[in-house]
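Q: Have a look at the structure that comes next, please.
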Amino acid sequence: MESSCTLPLHVCHVKKTEMVINRLHIFLHAIAIVAQFYYRITTLSQIIKTRETPLLPYLIVIVSEFVLAFIWIMHQASQWRPVKRTVYPERLPDDGKLPAIDVFICTAHPGKEPSLGVMNTVISAMSLDYPPDKLAVYLSDDGGSYVTLHAVREAWKFARLWIPFCRKYGLRIRCPESYFSADEESADEKFTGCSDFAADRKIIETKYAEFQEALEKNSVNANASYSRNHPSRIEMITDESDPKEMPLLVYVAREKRPDHHHHFKAGALNVLLRVSALISNGPYFLVLDCDMYCYDPSSARQAMCFYLDPKISPEIGWVQFPHKFHNINNENDIYDSRNNSFWRGLQGMDGLRGPMLCGSNFFMRREAICGTDTIQKDIHLNQLKKFFGSSNEFIRSIYKPQLLEDRQNLAGRLQNELQLLSSCTYDDDTEWGKEVGYKYVTVSEDTITSLILHCRGWRSLYLDPARPCFLGATPTNLNDMLVQHTRWALGVLQIALSRFSPFVYGALRMSILQSMLYATVGCLYVVPFYCFAIIPQICLLYGIPLYPKVSDPFFILFAFIFMSSHVKNLQAVFLYGDSFRTALNDLRVGMMRSGTCHFYAFWEAILERIGLYKTHFVLTNKVADKEQTRRYEQGIYDFQASSLLLVPLCSLYILNLATFIIGIPMIFHKADELLPQAVFPFLGIIVNYHLLEGMFFRKDSGRIAPSVTLQSLAVSAVIFCFGSLLLLY
Ligand SMILES: O=c1ccn([C@@H]2O[C@H](COP(=O)(O)OP(=O)(O)O[C@H]3O[C@H](CO)[C@@H](O)[C@H](O)[C@H]3O)[C@@H](O)[C@H]2O)c(=O)[nH]1
Ligand SMILES: [Mn+2]
């Protein structure tokens, strides 16, 4: 205890050099943007007077530049004060003084999310380096499937052997699948030559193979076992084992009925919050997706370095860890599956009031999410019920930090209350999904929930240790990646259009910089993307200049803005330890996302708003296709994706290619005026060369289907005709 008083549990380093570079860049780039708008407005007034150039395309370009500038400004909040945190878990007080932690794992479909992966996540969470009697793992099964239930029972049996093995040898990898995979052999280097270990490992390996086989047999009818219409089922997976040896494991399938909206993952997490409150009621909980396992077992202790620091603890709502992935091609991540441009920004958010929730991999304070801090102490029971629903036991749990120990009889004794708490009508006429728990407004439950908690004054922290604490699976094929990003874009737009819009709700309740973080609505890129992929190209063919002449001093300004944003991005990529190739992939994939994900998300959000569309949560596919995975590993794009996703991209590519080729004589003829504009199709063609290859040169099954190419040809002709009409105004 002595040492923990004198030595800090954690340190926060402000990344000074990065901060100075960022702020200097903000200053210069901002001046350039102001000058750009000065130029645009003066030339616009000239055009209005003389009508030398068509007005409409010019206006569209100005609007697009404005949107770009807006996104850029919002984005700068995350550049303002980047910090990095270090923790010292070895300085924590002894185990007896650690608080209890619940772990929430969500799964939704045993066919799409195979049991073996889900159970590896469960086992890795049970094996966390934390006192077992203070750890309770809850698996929410939204498919209400007996396949998953059987698998959890098998997982418990295997974990009874696995956990002691991990503890005995202090394993640093506690997810069995990851441990036994060939490239992790180095994990037990320190035991080479130890015969005890070799023998134990052999036994465990055989047991794991048996476990795998049992799950495989059990999963034959996985798809058929999925249900959308079932009563709730809560089962404590337990036996005679000592609670000091094994953490608690609870299976929770909430009630689902076709006529009741279940609110996807947010609904599942809220049920877990209630159910766990009656059973273990840990003051902190960790949320994991079923495809995201614990890699370094010390994550809970690392998070406790913040929660056990009395100076900062009272205001911390959650500690977020990054999402890192085990199925990545690090040399050439062609679908930007790591999504590093997002994760880079989190250190900047951490320098303000903290990062947003990222769905998985965070340790949260129960009090923050339940909103108990906002409730007055002397409030009447009936009013509490309006908030938290009708369960007396649940309301009692709010004021009681931890419940009893008697695991064997607990579930039986509480069964009625647990059924009530996990019923599909429990939320009705309460504040669940609104003031209490995860919010239901959007498919991005994480972003909206953190927005509201930040507005209530909670702060959060970001911890990105060198050895990843969690590893997950991320889409490594085009279709799944685009589908996932469409959901995210839709989520952000739903929030922007709701009463929780960061532009109003957030801006009134947070500091300017913090609300800017939430207002960085990246999917607005769709506007400049479509504009710059169509307008300059069409104008080029007609010989209409949209940019200052090369000989005009203002040309340097535009060139500076272009270079400044790309060079700054490169600098950020390099500083994060990534390569030029990563930056190129980011650019490509960014274009693909704007062209499809953001485009469709926009329509979905607007149609939903006017009541013509009902959003749903499209699960990310977790069963990798062998051929697609092989191509990803070789760095070859696989275009076996829905034509709906491909046609917009291919049409724009064809349009760019055609206008550029046909426009070459024009470019030579009016080089001074048109050269700046020719940069757009030129870069588009070069950066997206893989589309050209896919459409016309490749013969393998991963190419773009000829039918898609044909449709795209037709669509590009239509775009060209409509685009030409714009020139009339
Ligand atoms: O009705 C549902 C839908 C989803 N899930 C679970 O939610 C998790 C995330 O779903 P997944 O299909 O894996 O989506 P991803 O796109 O991979 O998830 C990312 O995006 C989500 C928000 O869109 C975040 O919640 C996640 O943490 C983040 O990893 C999984 O464990 C699912 O089983 C449910 O429990 N019930
Ligand atoms: Mn996932």
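Placed from the backbone N, Cα and C atoms, the Cβ positions cover glycine too.
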Q: Besides Lys112, Glu113, which of Asp94, Asp133, Asp142 does TrEMBL list for that UDP-alpha-D-glucose site?
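A: Of Asp94, Asp133, Asp142, Asp142 joins Lys112, Glu113 in the UDP-alpha-D-glucose site that TrEMBL records.
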Q: Which sequence positions outside the transmembrane segment (704-728), separated from its termini by at least 6 residues, show Cβ-Cβ distances below 8 Å to it?
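A: Same-chain contacts beyond the flanks: 54, 56-57, 60, 534-535, 538-539, 542, 544, 639, 643, 646-648, 650-655, 658-659, 691, 694-696, 698.
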Q: Should we count any of the binding-site residues Lys112, Glu113, Asp142, Lys265, Asp289 as near ligand 2, judged by a CB under 6 A from one of its atoms, and which?
A: Asp289
Q: Where among 20-39, 55-75, 515-535, 555-576 do we find the most Cβ pairs under 8 Å to the transmembrane segment (644-668)?
A: 515-535
Q: Can you tell me the CA-to-CA distance separating Asp289 (Mn(2+) binding site) and Glu113 (UDP-alpha-D-glucose binding site), as a whole number of Å?
A: 11
Q: Going through 20-39, 55-75, 515-535 one by one, which has the most CB pairs that fall under 8 Å from the transmembrane segment (555-576)?
A: 20-39
Q: Measuring Cα to Cα, how many angstrom lie between Lys112 (UDP-alpha-D-glucose binding site) and Lys265 (Mn(2+) binding site)?
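A: Lys265 (Mn(2+) binding site) has its Cα 15 Å from the Cα of Lys112 (UDP-alpha-D-glucose binding site).
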Q: Most Cβ neighbours within 10 Å: which of the binding-site residues Glu113, Asp289 is it?
A: Glu113
Q: Around the UDP-alpha-D-glucose site formed by Lys112, Glu113, Asp142, which additional residues qualify by having Cβ within 8 Å of the site's Cβ center?
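A: What remains near the Cβ centre is Thr107, Ala108, His109, Pro110, Gly111, Gly143, Tyr226, Cys290, Leu619, Lys622.
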